[in-house]
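Scroll down for the structure; my scribbles are underneath it.
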Amino acid sequence: MALSDLVLLRWLRDSRHSRKLILFIVFLALLLDNMLLTVVVPIIPSYLYSIKHEKNTTEIQTARPALTASTSESFHSIFSYYNNSTVFTGNATGGLPGGESPKATTTQHTVTNTTVPPDCPSEDKDLLNENVQVGLLFASKATVQLLTNPFIGLLTNRIGYPIPMFAGFCIMFISTVMFAFSSSYAFLLIARSLQGIGSSCSSVAGMGMLASVYTDDEERGNAMGIALGGLAMGVLVGPPFGSVLYEFVGKTAPFLVLAALVLLDGAIQLFVLQPSRVQPESQKGTPLTTLLKDPYILIAAGSICFANMGIAMLEPALPIWMMETMCSRKWQLGVAFLPASISYLIGTNIFGILAHKMGRWLCALLGMIVVGISILCIPFAKNIYGLIAPNFGVGFAIGMVDSSMMPIMGYLVDLRHVSVYGSVYAIADVAFCMGYAIGPSAGGAIAKAIGFPWLMTIIGIIDIVFAPLCFFLRSPPAKEEKMAILMDHNCPIKTKMYTQNNVQPYPVGDDEESESD
């Protein structure tokens, strides 16, 4: 037994420097972060709606206590806004003592409720107002993450990737527990905003860590495709996982399960990454302002932003639109996103490998066009089955864009700047967050003002119009001084021009040459 323990400890010690184990840690962190991101999608609209109408019901009962005894048996049916169901209580007049007839106000209230289909909320104005409220709640996470990313990028350049990665775990655990026990809009908003800080740490540090250990362009693309598969699985599992547990167990259950999984991720990070050790970069990275002036980095970031903005606009608006037009039950609000999540997982895994062969710029261009066309088709759905094909197209196409653009960001830094990746993946995450910040907040307001179909039309056209810009990523030029370094046979980085047919193999030297001024 002691010998087997020693063997296990030796294997774990040797595995600390394994690239595959680091890839697994990043995969798991992105998986859990995006499960928490999307598990709230089917829960929040219905939960906020139930909170509001339970409060209204309590106020009505408090204002008219004298009517309680005389009208408790006069209802033929009672409609519950909490679970969208109608409870039948018996004959409307047979149970009245002394044959008394109900008051006019009570009779009017009963007629109003019984005319509503059992699965459709009747307060259309409340649902329209909820578009804005839910949109702002969803956007708060991305907005905070957007503001935090530049600082995390600079921090990783100074102290390395393990400490920010572990800090992301700690913050995400606190946020998950807050979600579980929050019972008001204000606390939900705080929990969602706090998640943005944790996500910034995990995303920037995780992608930067992968770029630093996978220096070959093809290997880096494959690794990031796998890591984005974790993101895809989180998006895939989150909505149905949340909606099913919410309907059959309660709001707290999905968040407590997630909190337990986050603890497991933290334990693995603590042992493998040793986050107490400061590991600064060996060379000074390119300033963030310089990277932001690079037009090729901006095009890649724009592709990530606008592609993800489509699904970000869907998250708060689609469940509310389904409640209005399809009379959907709570579990259907999350399951509707299942085709997009499955296809995103397929897209990231296929094009993580295929994009390197056919050209990442081409994959991104085609992906942007498919995203736009699929989004334009969503308002034509008449039931949940009509959402399957367009949602599948949206998810698959976003998988094409993300799995192509994430490696290109690292490639552009290798080609045109200093190969330090914290800042460039902060920019990539900023682009992702801008989509998820602008999307829900603007989407909720637009859906309220001009309707859900016009919202889909606007973002669909934007994606299609932006697509041709990806052509400029076909063969981005290298800076002159950087090209001289890349052509050096001692350069540890293997690069590939996407217009070439063959990859020039560069032998890896034992020692890295320091950057010359």
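Glycine is no exception: its Cβ is also placed from the backbone N, Cα and C atoms.
For the serotonin site, Swiss-Prot lists Leu231, Val235, Asn308, Ile311, Glu315, Tyr344, Asp402, Tyr436; matching the candidates Phe248, Phe337 against that entry yields Phe337. The record in Swiss-Prot shows matching topological domain names for Ser18 and Asp414, meaning one and the same side of the membrane. Note on the topological domain 'Extracellular' (246-251): residues 42-43, 46-47, 83, 180, 329-331 of its chain, located 6 or more positions outside it, place their CB under 8 angstroms from a CB of the stretch.
Under 8 Å from some Cβ of the topological domain 'Cytoplasmic' (356-360) lie the Cβ atoms of residues 217-218, 221-222, 404-405, 407-408, 473-474, 496, 498, all in the same chain and six or more residues away from its ends. Residues Leu231, Val235, Asn308, Ile311, Glu315, Phe337, Tyr344, Asp402, Tyr436 are the ones the record ties to serotonin, and the longest Cα gap between any two of them is 18 Å. Using a 10 Å Cα-Cα cut-off from Cys327 (disulfide bond), none of the binding-site residues among Leu231, Asn308, Glu315, Tyr344, Tyr436 qualify.
DSSP gives Cys327 (disulfide bond) a coil state; it is part of no helix or strand.
Most other Cβ atoms within 10 A: among the binding-site residues Tyr344, Tyr436, that distinction falls to Tyr344. A count of other CB atoms within 10 A of each Cβ picks out Glu315 as the most crowded of the recorded positions Glu315, Cys327.
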